[in-house]
Amino acid sequence: MYIENLRIINFRNYDEAYLKFNKHINLLLGRNGQGKTNILEAIYMLSIGKSFRTNKDGEIVKFGKENSYIGGSYVKYSRNNTIEIGLRKNNKKGIKINKVSIDKIGHILGKFNVVVFSPEDLRLVKEGPSERRKFIDREISQIIPKYYNHLYNYNKILGQRNKVLKNVNVDAALLDVFDDSLSNEGAWIYIYRRRFVDKIKMLSKQIHDKLTDGVENLDIKYISQIDIQRDDSHESIKSRFYEKLKNNIQSDIMNKVTKIGPHRDDIQIIINDLDVKLYGSQGQQRTAAISLKLSQIELINEEVKEYPVVLLDDIFSELDEKRQKLLIDSLGEIQIFITSAEEGHKKIFEDKQYDIFRVENGQIS
Ligand SMILES: Nc1ncnc2c1ncn2[C@@H]1O[C@H](COP(=O)(O)OP(=O)(O)O)[C@@H](O)[C@H]1O
Ligand SMILES: [Mg+2]
């Protein structure tokens, strides 16, 4: 799939801009702080309705303005579609798909698929489990929108359960009601995450093998408190999760918080039998993060039957020329957006079809 055009109004440092994109490579060049990433952010918002940089929509509205608009048209399965987002500074956003308003933000998911690479991806490898859960959750939601509903319900019930646990006298009967629905939603989350990790594990292994000329063996492990096998039924996972909640009830009451469940999951990233987070070099960590992201692109293609749009934010300057070339070649015919402060990167695309956008102080030429 590819995005044909983008219109933004009062978005970050832009008053108004209308851009037509190349189906293949789009190079956004300009000094720092001029508005390159802002364009990628606008494109990304059309895919999940949220930024990859902030959870606060108000930050996106141009300083001194009340509303912003982001609209774009993309082609998927050879059909044209439009997505429009209206942001209001202190209010709920409105989203239209093909001119029809959607009533739930979640309904935007799975329409226009985007994968973004940024220097922050390193956090995926280096930081704590919550970064990796966020990655997994966003990525599965893009492919399987109903996963987002399970997650939404799970978090809501978890919040209610934790609230009960904070009471001086815990109401056991009430807790049991929550445990039943929590294990029901949680079991779906376990199932989808297990499938996701299985697929990512295979794909990223092959990709990492290529990127490192076969020197490094990448492995991904799903870490959860309940041992989830590939063929486990929802019923069986639910009952084991429910049991475990029951067995831990005294400890939860003491800690005043739920310590069992998929909200404690993690994935372990391993290179040549060693945990990359603990023992990997900076270069290994960076390549592992790129392999994971690239596997995401392949997974979307497998599930959605079309490649996503790929955004490469400032990651070029971190790679040596050989890896830059490997990365671009591995992306094949996919539509990509690359931001950079360095003109020099142009030579990597010389034999390819590309457009250049020069970005200066919220203006594009
Ligand atoms: N809500 C906003 N209103 C106006 N300007 C903003 C807003 N948010 C960010 N900016 C400006 O956008 C610029 C950063 O844009 P960005 O796309 O991140 O730059 P870069 O070209 O380095 O990627 C900064 O100058 C910042 O002040
Ligand atoms: Mg930037």
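Note that Cβ sites are derived from N, Cα and C of the backbone, with glycine treated the same way.
So that you can see what the record holds, here are the features copied from TrEMBL:
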DOMAIN    2-363  domain 'RecF/RecN/SMC N-terminal'
BINDING   GLY30, ARG31, ASN32, GLY33, GLN34, GLY35, LYS36, THR37  ATP binding site
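Distribution of TrEMBL features across the structure.
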residue : record           : contacts (Cβ under 8 Å, 6+ apart)
GLY30   : ATP binding site : LYS36, ALA341, ARG358, VAL359, GLU360
ARG31   : ATP binding site : ALA341, GLU360
ASN32   : ATP binding site : ALA341
GLY33   : ATP binding site : none
GLN34   : ATP binding site : ASN13, VAL359, GLU360, ASN361, GLY362
GLY35   : ATP binding site : ARG12, ASN13, TYR14, VAL359, GLU360, ASN361, GLY362, GLN363, ILE364
THR37   : ATP binding site : ARG53, ASP313, ASP314, THR339
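LYS36 (ATP binding site) is surrounded by 26 other CB atoms, counting those within 10 A of its CB over all protein chains shown.
The 6 Å Cβ screen around ligand 2 retains LYS36, THR37 from the binding-site residues ARG31, LYS36, THR37, ordered by sequence position. Secondary structure at LYS36 (ATP binding site), as computed by DSSP, is helix. For the domain 'RecF/RecN/SMC N-terminal' (2-363), the model gives a mean pLDDT of 94.
Apart from the site residues GLY30, ARG31, ASN32, GLY33, GLN34, GLY35, LYS36, THR37, the chain places the Cβ of THR339, ALA341, VAL359, GLU360 no farther than 8 Å from the centroid of the site's Cβ atoms, the recorded ATP location.
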